[in-house]
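Quick look at what TrEMBL lists:
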- GLY165, GLU166, SER167, GLY168, ALA169, GLY170, LYS171, THR172: ATP binding site (BINDING)
- 72-785: domain 'Myosin motor' (DOMAIN)
- 666-688: region 'Actin-binding' (REGION)
Amino acid sequence: RCLIKDFETRPSVTHLLEHPFIKQVHGKDMSLQKRLAELIQEQQQLGSIAKTRHERIHTRRPYHVDGADKYALDDDLVNLEVLDEDTIIHQLQKRYADLQIYTYVGDILIALNPFQNLSIYSPQFSKLYHGVKRSSNPPHIFASADAAYQSMVTFSKDQCIIISGESGAGKTESAHLIVQHLTFLGKANNRALREKILQVNPLVEAFGNACTVINDNSSRFGKYLEMMFTPTGAVMGAKISEYLLEKSRVVKQAVGEKNFHIFYYIYAGLYHQKKLSEYRLPDKKPPRYIDNETGRVMHDIITKDSYGRQFEAIQHCFRIIGFTDEEVYSVYRILTGILNTGNIEFAAISSQHQTDKSEIPNPEALDNAAALLSIGSEELQEALTSHCVVTRGETIIRTNTVDKAADVRDAMSKALYGRLFSWIVNRINTLLQPDKNICNAENGMNVGILDIFGFENFARNSFEQLCINIANEQIQFYFNQHIFALEQMEYQSEGIDATTVEYEDNRPLLDMFLQKPMGLLSLLDEESRFPQATDLTLVDKFEDNLRCKYFWRPKGVELSFGIQHYAGKVLYDACAFLEKNRDTFYIVVVLRTSENKLLQQLFSSPLTKTGNLAQARARVTAASRSLPPQLSAGRIKVDTMEVMRHPEETTNMKRQTVASYFRYSLMDLLSKMVVGQPHFIRCIKPNDDREALMFSHERVLLQLRYTGILETVKIRQKGYSHRILFEEFVKRYYYLAFKAHETPLGSRENCLAILEKSKLDNWILGKSKVFLKYYHIEQLNLFLREVIGRVVVMQAYIKGWLGARRYKKVKEKRENSAIAIQSAWRGYEAR
């Protein structure tokens, strides 16, 4: 075992010392050495000793353009002489044209989407980026993953990789690559566990991603994946947290967009398995929730091979991760139940007493949905077309209008999908939690990977965009704080007065959103509690209370307001803000009567403060325990309205809003992130046409501003962006103040002499470093070029003179040699 060459599978010294063979050695050293020597001699005589190959290790840069063998300074934008927008764009464009899609900005990685497959993610590349110096290889996302992994193992500290960028920039793919490399680095003996972790992202993305106008695989939720490692760095489990799923997409999509991927995958899969009739799905006209204006949905489902392949891949994911066949069957029934629920239509009933009553004229869709959800058809109809109100202890049943009934139907579909998604995430976490026999989770360490939706500014921005942009505002604040804090720490350790660095942060804007009681989200919640409130009164309230430079209201547009975000001005349409924030859902109880155990559980487990399904300790018992007593005894048919009158269900439910869930989600996400040392990856979309090798100057510049790269440059400019050790500074610039043949020490005094000779201003000397402004390096390099230019001219003249003298001597020597040979020959010939 100790002769295993692969150091990843070789046991550690502590393990070897516990080996029975080693334990028996004590006191027998000499005799065993003698026996070993005899054994080696016998092997040599038999001639079976293996010859060792002596080869040179190849250390060339693995993928490079011509001339990139030497250390490439443009790998890191911090090395640029001039650090401004034009220079950064020029460098990124030049590198992108050479398919160098990764570039560093200090410890930050910029990743441009290549819009094509690159062969730089194979296992051979994983081996290249394993515990080596960053400058040994070109920039790569594997290097960022390796930096996080090595920091975790070396310093025994949790790490956090934050991936950001706008939709279509490549965040999801980057997250896949990081997980791939971390599973490679944290190789454990448990191959099945590694396989499970690699299947997590594809499964969750099938349920949480969708096709939008600008991205065929857009994440419609925030995802934080924590990979857990043992103290020695072997992967032992994973945990996923999901935030702010865009549930409204289930019931309605914008023009040119689609529903969540899973609906198309399951439809295609069931079609090819000839099981559509079993799940009550039509084979001609698609369900309303996935139908669109093109009329080609069914054609695509039937003819596109990719949908069928994805369905098989999802089945594979379920199987590998550990879902049972019964659980997968229940998931499919709930998904197809949602599609059938969307087809339920309502019509108004005119009567002598009231005209606001609704009915379901065609019961087919109702029966289909009820059958798939394993609930009574009549109970479902009653729950959709009427509701009860409790007043002074009395329960009054009121009928729903057509619009109200449609809203209840859609709310039910959204709740079903949202809770199902949460359940899948919780189930994954249960199946991937660390084995307590291998290592206690408390002793382990995590690498968290945040893949969050990017800043959005569309032609029409609604409540979803506001939440997304506030989340990005929070991430940007965290980014700025961290970058600033690092610099600040160096100032303190070097004894530099930190007040010389001014810092502009977006805290006032965040306060405007998040503070209580007068922040935008608090005002939204307050207005949502008033039944008579409208979207117009909401915007009026914003205007009256948010009196700051970040908020404005355009003239002539009532239901509109603007926010000055860190990435620019965004105009929001407040239409349906209150309804979306209330996220009202009434018919919990009828779904608890379902005979489907999974569906029972979805509506019996409480929601957490972030709006997700709480992790159930016991799967079925928890569900039955929270059912009303008359239901948990057995399959007794009951009057749904009677159950709805149960006081526990009507009076004790404190209604939460989407804004409150969002606030807690942000807090939960930040609490996870601040524990670890952050590593930032900024994904950039080079063009809007998804064309390979096409670089749009304007689009990239816009995103650099969004993602805060240019903000980082500004922070660098306000502070001392160049901090050079005394030894390095003297070695680099001693020509400016000392004679060429001198080798001055790297001392404070010699640094001072060079700086004074150069006549620079605004520099500071720390305890061991020279602190320079961004423009000082350029000036010093110009001075150095002048001095070296003079030296080169002198060297050229001296070398010319030495060369001429040497040539003259050689010429004379040759002539004398020729005369000596000629003389000898003539004498010989004469004799």
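Note that Cβ sites are derived from N, Cα and C of the backbone, with glycine treated the same way.
What you see is a predicted model, and the numbers here were worked out from it, not measured in a lab.
Across the region 'Actin-binding' (666-688), DSSP helix (H, G, I), strand (E, B) and coil residues number 8 helix, 8 strand, 7 coil. Around the Cβ of SER167 (ATP binding site), the number of neighbouring Cβ atoms within 10 Å comes to 20. Restricting the average to the region 'Actin-binding' (666-688) gives a pLDDT of 90.
In sequence order, ASN113, ASN215, GLY454, CYS683, LYS685 are the residues of the same chain, not among GLY165, GLU166, SER167, GLY168, ALA169, GLY170, LYS171, THR172, whose CB sits within 8 A of the CB centroid for the ATP site.
Taking every protein chain shown into account, GLU166, THR172 are the binding-site residues, and of these the Cβ with the most other Cβ atoms within 10 Å belongs to GLU166.
Considering only the binding-site residues GLY165, GLY170, the Cβ with the fewest other Cβ atoms within 10 Å is that of GLY170.
For ALA169 (ATP binding site), the same-chain residues 6+ apart in sequence whose C-beta sits under 8 angstroms from its C-beta are ALA111, ASN113, GLY454, CYS683, ILE684, LYS685, GLN703. Residue environment of GLY168 (ATP binding site) contains 22 other Cβ atoms, counted within 10 Å of its Cβ in all protein chains.
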